[in-house]
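Just below is one structure, and these are the notes that go with it.
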Amino acid sequence: MADRPAIQLIDEEKEFHQSALQYFQQCIGNRDVGLDYHVISVFGSQSSGKSTLLNVLFNTNFDTMDAQVKRQQTTKGIWLAHTKQVNTTIEIDNDRPDIFVLDVEGSDGSERGEDQDFERKAALFAIAVSEVLIVNMWEQQIGLYQGNNMALLKTVFEVNLSLFGKNDNDHKVLLLFVIRDHVGVTPLSSLSDSVTRELEKIWTELSKPAGCEGSSLYDYFDLKFVGLAHKLLQEDKFTQDVKKLGDSFVMKGTENYYFKPQYHHRLPLDGWTMYAENCWDQIERNKDLDLPTQQILVARFKTEEISNEALEEFISKYDESIAPLKGNLGSLTSQLVKLKEECLTKYDEQASRYARNVYMEKREALNTKLNSHISGTINEFLESLMEKLWDDLKLEVSSRDKATTSFVESVAAGKSKIEKEFNESMETFKKLGLLISNEEITCKFSDDIEERIKQLRDAELKAKIGRIKKNLVPELKDHVIHLLSHPSKKVWDDIMNDFESTIKDNISAYQVEKDKYDFKIGLSESENAKIYKNIRILAWRTLDTTVHDYLKIDTIVSILRDRFEDVFRYDAEGSPRLWKTEEEIDGAFRVAKEHALEVFEVLSLAVTSDNVEIIPDVPMAEEESGEDNEIYRDNEGVFHSRRFAHILTELQKENVLDQFRRQINITVLDSKRSIITTRTHIPPWIYVLLAVLGWNEFVAVIRNPLFVTLTLILGATFFVIHKFGLWGPVVNVVQSAVGETRTAIKDKLRQFVVEDHEVKESFEMKDFSKNEQKEK
């Protein structure tokens with residue numbers, strides 16, 4: 001037997017025992033049981049032998065009925081007992097867990113009569129706090145609705161879902177159906193199948209809360225079935241059956257072991273007592289558990305059943321009869337009204353016999369379901385209509401006569417037309433009761449049409465900007481490159497004047513006032529101003545890219561060299577110069593260099609003629625945010641400015657001047673070399689003079705035997721070369737020797753002249769720099 005007497009955990013007045021925790025502590029003593037405990041409840045009809053079963057199975061000491069005296073209620077409220085002793089077929093040597101057994105007051109007792117509130121709350125409490133709920137029933141009760149407590153189980157399942165169904169865990173309860181007085185005529189498997197089917201049917205008919213619509217019975221419960229022989233007529237077999245049942249409570253690791261981890265609430269024992277008390281408080285206070293009378297229950301059940309049948313018939317005929325009519329408003333509305341009226345009429349014919357408030361409540365719910373189902377078809381029709389109307393609007397806008405009808409006028413007329421047709425269709429559905437509220441659809445339609453018109457407006461604007469860009473960008477590039485390739489001191493004034501005039505020419509069609517534009521697509525004044533600003537940004541970026549891409553070091557050197565050569569090589573009338581003296585070359589060199597360097601500073605920094613730096617009047621880039629971003633460093637470690645006017649750095653300017661100086665020096669050298677070539681040319685009369693004056697020497701050579709021998713050798717050599725045609729190789733050898741000699745002489749001469757000229761040039765550059773600084 002149990003080591004301590006049972007206590008009444010919840011009395012018949014529905015009060016929770018306040019000393020429950022002390023009872024648990026007395027049962028376990030000083031042991032720390034942790035999670036190694038289990039809770040079992042028994043549930044069933046009054047006088048069905050629940051307490052007797054618990055006493056035999058768990059060696060508890062619950063009060064039992066003496067059938068020889070009187071059949072009456074014995075267990076009142078919910079009683080709790082502790083045990084570690086389970087009646088089994090074999091002795092278990094290992095330490096057995098602590099088991100707490102709840103004996104629940106029997107249902108359907110005459111003492112409470114029609115008051116079923118407590119038995120339902122007690123059953124719900126047992127499911128909420130137990131790992132295993134033993135449902136005690138007789139074999140002859142199976143197949144009954146009230147007798148085997150199925151009605152009570154349905155209510156408990158429904159309320160259990162509403163209270164505990166949304167918990168995000170995998171906790172389950174084992175429903176252990178103990179079938180008493182099982183004589184074996186009907187197999188246990190057949191009995192279990194019957195009970196399982198009843199439970200599954202009950203579950204599908206439950207009114208499930210939001211979030212649990214798709215839940216299954218097996219998401220919350222596991223089912224087991226055990227048969228016990230008759231206690232009096234088959235006492236030995238009954239005892240043996242109970243022991244076999246006890247094996248499943250103690251033999252861990254076996255397939256039929258009942259205390260599985262997913263059944264445990266994972267709370268320490270003192271936490272479980274608090275949990276149990278809170279559960280009872282919640283169950284006791286929850287209004288959903290103040291259940292209506294049996295008549296209302298029947299009305300709700302039957303009207304729900306009738307409603308579901310009518311709805312199923314409606315759905316079965318819906319798709320087949322509606323599909324061919326989706327494109328025709330008149331036929332579609334007629335068929336929808338017909339189907340809806342047929343469904344409601346069928347419900348009214350059968351459900352109107354029950355309680356009116358329940359009947360009307362379920363009718364309203366059915367009507368809502370019908371409208372919800374129909375709303376999908378209506379939305380589909382309206383969306384299809386919207387697409388058709390939108391296609392018509394786009395076609396009307398694109399095919400308009402642009403000479404007489406503006407984009408804004410065309411869009412406004414089309415919008416008014418499609419809104420009228422759409423609203424007329426929607427009102428048709430509403431008048432026939434197929435559409436309860438059109439506010440949401442109207443708002444969605446308005447938002448949709450505004451969004452689509454915005455897309456149409458954006459496309460029109462993109463096309464306009466594209467046409468402007470197509471003309472503006474190449475014009476700017478051509479004009480700017482032309483002006484920069486032939487620069488003057490006022491080149492930046494010319495560029496800016498051309499810049500403004502090019503922009504103005506390309507958007508003059510949209511100008512309404514000075515600095516005010518209307519791009520004729522229905523935009524506000526601020527939006528038009530923003531577009532104008534974007535066009536200026538485009539123009540400035542084009543100008544910036546063109547200037548900085550064109551004015552590279554090599555290009556600027558080429559421009560300076562061309563200006564130099566225009567003055568150095570040609571006179572004022574454009575004729576080529578013929579140099580006579582070095583002084584003439586040096587004088588032309590100074591004038592040409594000054595002319596070339598006049599635009600050097602102009603090409604290095606973009607400033608107007610009054611020495612004002614050119615600054616864009618719009619942001620050049622989105623990331624532009626002040627001076628912190630104006631200076632950057634390139635891959636070669638050179639610092640640059642992002643400001644538009646800054647074209648060359650000081651280092652780049654030195655590089656340009658160095659390359660320019662080298663190139664013009666070569667030009668000067670070539671000019672001076674032409675004078676030297678002229679001076680070193682030998683006149684023909686010199687050869688005649690040499691022949692007359694050198695006759696005596698010639699005769700002396702002939703008379704000398706050595707000279708004669710040398711002459712013969714040379715003559716023989718000449719003969720052999722001529723005889724065998726070897727003049728080609730000989731000429732090549734001679735030319736190579738002469739060429740090498742000439743190159744060596746030129747290098748020496750150039751070195752001499754360049755050194756002399758660079759000395760003069762350095763002095764002249766210093767004088768030029770000083771003069772420029774004085775002029776500034």
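Cβ atoms here come from the backbone N, Cα and C positions, even for glycine.
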Item to complete: Select from 601-621, 706-726 the stretch of residues annotated by Swiss-Prot as transmembrane segment.
Response: 706-726
Worksheet item: Other residues with Cβ within 8 Å of the Cβ centroid of G44, S45, Q46, S47, S48, G49, K50, S51 at the GTP site?
Response: G106, N136
Worksheet item: Can you count the other CB atoms that lie within 10 A of the CB of S47 (GTP binding site)?
Response: 19
Fill in: Cβ-Cβ neighbours of S48 (GTP binding site) (radius 10 Å)
22
Worksheet entry | Per DSSP, three-state class assigned to G44 (GTP binding site) | strand
Practice prompt. Restricting to the domain 'GB1/RHD3-type G' (34-263), report the mean pLDDT as a whole number.
Written response: 80
